[in-house]
């Protein structure tokens, strides 16, 4: 029982540190976003990524506290990543959408709340306002019918995009 008592105390300490780390990270990200004038969509992605990394670190520490050996943990993580890699390789569209989302995040000129026109064909285009740029999809609300349209990120990169500048 004594052994479990110390593990519970250690786990509680890790959870408190986890909460504090999330709060500190949130404040640092907000300060950096304001200072560098980072776009809203990019700051959301940065927040989610940092939260996920902090959560993974916390879970890893908790697993080690409760006696999971590092070698067993490494084998488990390696196995999971291998299965995910094979699944993504088998489904090229998922892998291409994730890659496209990284390209959109770092290099594309389209941002949240921009009004754009996507050239589907010579005679047809979709015009709308960008409402979300996610890991797999870009979401638009059309200007004419107010319909919500989701486009896969890889399609979004392959089409000709015309940015409509409004005063």
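Keep in mind that glycine also has a Cβ here, set from the backbone N, Cα and C atoms.
Looking at 31-49, 50-68, the range tied to transmembrane segment in TrEMBL is 50-68. Beyond the ends of the transmembrane segment (74-106), by six or more residues, the same chain brings 42, 45, 133-138, 152-154, 156-157 to within a C-beta distance below 8 angstroms of the stretch.
If one looks beyond the transmembrane segment (12-29) by at least 6 residues along the same chain, the residues whose Cβ comes under 8 Å of a Cβ in the stretch are 43, 46-47, 50-51, 54-55, 58, 61-62, 65. Counting residues per DSSP class in helix, strand and coil order gives 20 helix, 27 strand, 21 coil for the domain 'Mechanosensitive ion channel MscS' (94-161).
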